[in-house]
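Trainee: Below is the structure I would like to discuss, written out as C-alpha cells.
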C-alpha cells in the first residue's frame, strides 16, 4: 500500500486483538500512519486486503464502516467558529440520515463523550480558542461520539505538554479497558507506548519488525534494529513496565550557555 | 444542534426571509416613477388589467426583482459550497474562473450560434463554467507548491483576464450582434428577457436543492478530507456533487445577469459570522441573504446616480473588493 506509485507499506500480516490498545511505533516515514489509514479504508491497498470483523472492508458501505470504526487523523483542523459541542456532534454523522437528523440517542452519545473527556465546561466555546490539549480532547470526544467498537488514532499526543500527554493516554486507557473498546494508536513517543499500550507493533521501512507486549519488544537489540538507537532499557520502579533511556556517544556535553542565580 | 439553537436559527431564518420580502417590494416600488408600496402589494395580490401602475409592476419591475433574488441566492450558495469543499476562504465562482468561463461560453453561443433566449444559454454557460474551473485548477496545480489558495487566485486572475480580452475583441469585431451585451458583460439585470430566465429556472432550482442535500456532508468535508472519510463521507462523490451544483448555479446566474463579482465571496463569510460552521445552516442562510443582498444592490445601482443606471456587477464589485482585500490580509 502507498501513495500514487510509491509503495510505503509492504509484506504486512497483522491482526489487531479486540479489547486492547495496540501501538504502532517506528521511525519517521516507516509507514505507520499509512497502515493506520489502510485500516480506516482511507487508503486502499494496491495488493492484499483489509478485513473488519472477519468481512472484507470493501463489502461494507462507507457509512457502515464509520459506525464500526472511527479514525482521528494527524493534526486535524476545526473550521473557524465551530463550537465544542458542534464539533463533537459531527461524530454522529454516520448515524444520521437526511430525514433523521438528530435523535435523543445522538444527544446522549455527545453528552457521554463530552463527560468522558471532561469537556462539559467548554461546551459552547469555539474550538480554536482552546489550548492544544483541550482541542485534542475535543477531537477525541468527536470520535468517541461516533460510538464505534474500534478507534484508530494517529499521533494523538503530538505537540502536547508531557503532563497533558500522560493525562490523555490515561484517558484512552480508561476508555478501552472500562468501555470494552479496541484502539490502535500511532505513537511517536516510545515510552508512552511502553507505559500504556497492551501490544506494541514496531515498524521499519514499511515492514513489521517486531510485535508483542512492551516487555517483549522494548529491549536494546530491537531498539537498535528499528530506530538505530543505542539505549538502555530499565523497568519502571512502580509499574514494572519497560522504560527506554537513549544513549549518545558523549554522555557529558559542555553547556553552550548556562545561567545561575542565588 | 440543540433546541435553543434550532429555535434561534428558525427565528433568524424567518426574519431574514421577511427582510428579503421587504427588499423585494422596495425594489419594485423604486424606479423612474415611484410606485407606493400599497399599489405594489395590490399589483401582486390583486392585479387589475387597466391600471397602468399594475402593468408596470407585473411586466417590467417584478421580473427584474425576481432575477435579482435568484442570481443572488445562486451565487452565494455556489461560493459557500466552494469555500467548504476546498477549505479556501477566497473560493468563489468569480475568482476561480467559473464565471469567466461561463460568460465566455455564453458570448460564443450567442454571437456565433445565435442562441439568445434559448434553452442552450444555460447549457453553454455550464460547459464554460466547468472548463473555466478545470483550467484554473490545472494551471494552479502545475505551479510550484500545487493548488494553494494563492496560486488558484493568480491562475483565476490570468484565465479571467485572458477570456475577458477575447470577449472584448469578439464584441468589437461584431458590434451589431453584441449591441445589447456590452452591459450584460459587466453584470447587469437590466433589459434581460423572461425567456432566458425561464430556461435558467430549472438550473437554479436543481442547483439549490442539490446544495441543500449535500450540506451536511460539506460540514464534515470542511474539517478535512481524512476526518470526513472517517465519519463515513464518500469524499469523492460529494466533491463531484458539489462541483456539479456550483457549475449549475453559476451557469444559471451568468445566463441571467452576466458576471456579478464577489457576491459568492461576501455573503457566505457574512453568514458564517452569525450561524457558525454548519453548512446545514450556511447554505439556506446564504441563499436568503444573498437574494436580499443582490436585490438591495440592484436598487442602489438604479437610484444612486438616477436617472443614469450603473451596472449591478459594478456595484457588487465595488462592495466586494474591500472584503476580498480584508480576507487576504486576515485569512490567507
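Yeah, the Cβs are placed from backbone N, Cα and C, and that goes for glycine too.
Pulled these features from TrEMBL for this protein:
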type     : residues  : note
TRANSMEM : B:65-82   : transmembrane segment
TRANSMEM : B:94-113  : transmembrane segment
TRANSMEM : B:119-140 : transmembrane segment
TRANSMEM : B:152-174 : transmembrane segment
TRANSMEM : B:194-215 : transmembrane segment
TRANSMEM : B:240-267 : transmembrane segment
TRANSMEM : B:279-301 : transmembrane segment
TRANSMEM : B:308-328 : transmembrane segment
Trainee: Are there at least 3 C-beta pairs under 8 angstroms linking the transmembrane segment (B:240-267) and the transmembrane segment (B:94-113), leaving out pairs fewer than 6 apart in sequence?
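Mentor: As far as Cβ distances go (cut-off 8 Å, pairs 6 or more apart), the transmembrane segment (B:94-113) and the transmembrane segment (B:240-267) touch.
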Trainee: Let me spell it out: take the transmembrane segment (B:65-82), skip the flanking residues so only those 6+ beyond its ends count, and list any with a Cβ under 8 Å from a Cβ in it.
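Mentor: Counting only partners 6 or more residues beyond its ends, the transmembrane segment (B:65-82) has Cβ contacts under 8 Å with 20, 24, 27-28, 88, 91-93, 96, 98, 189, 192, 197, 200-201, 204, 207-208, 211, 214, 218, 242, 245-246, 249-250, 252-253, 256-257, 260, 263-265, 267-268, 271, 279, 282-283, 286-295, 297-298, 312.
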Trainee: Between the transmembrane segment (B:194-215) and the transmembrane segment (B:119-140), are there three or more CB pairs that fall under 8 A, provided the residues in each pair are separated by 6 or more in sequence?
Mentor: yes
Trainee: I need to check the long-range neighbours of the transmembrane segment (B:194-215): which residues 6 or more away from its ends have a CB within less than 8 Å of a CB in the stretch?
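Mentor: For the transmembrane segment (B:194-215), the list is 63, 66-67, 70, 73-74, 77-78, 80-81, 116-119, 121-122, 126, 238, 241-242, 244-246, 248-249, 251-253, 255-256, 279-280, 282-284, 287.
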Trainee: Out of B:152-174, B:240-267, B:308-328, which stretch touches the transmembrane segment (B:279-301) the most, going by CB pairs under 8 Å?
Mentor: B:308-328
Trainee: In the same chain, who gets a Cβ under 8 Å from the transmembrane segment (B:240-267) while lying at least 6 residues past its ends?
Mentor: 67-68, 70-72, 74-82, 84-85, 90, 92-95, 98-100, 102-103, 106, 121-123, 125-126, 128-130, 133, 183-189, 192, 196-197, 199-201, 203-204, 206-208, 210-211, 214, 218, 221, 286, 289-290, 293-294, 312-313, 316-317, 319-321, 323-324, 327
Trainee: By Cβ distance under 8 Å, which residues at least 6 away from the ends of the transmembrane segment (B:152-174) in the same chain are close to it?
Mentor: 88, 90-91, 94-97, 99-101, 103-104, 107-108, 111, 132, 135-137, 139-140, 143, 181-182, 185
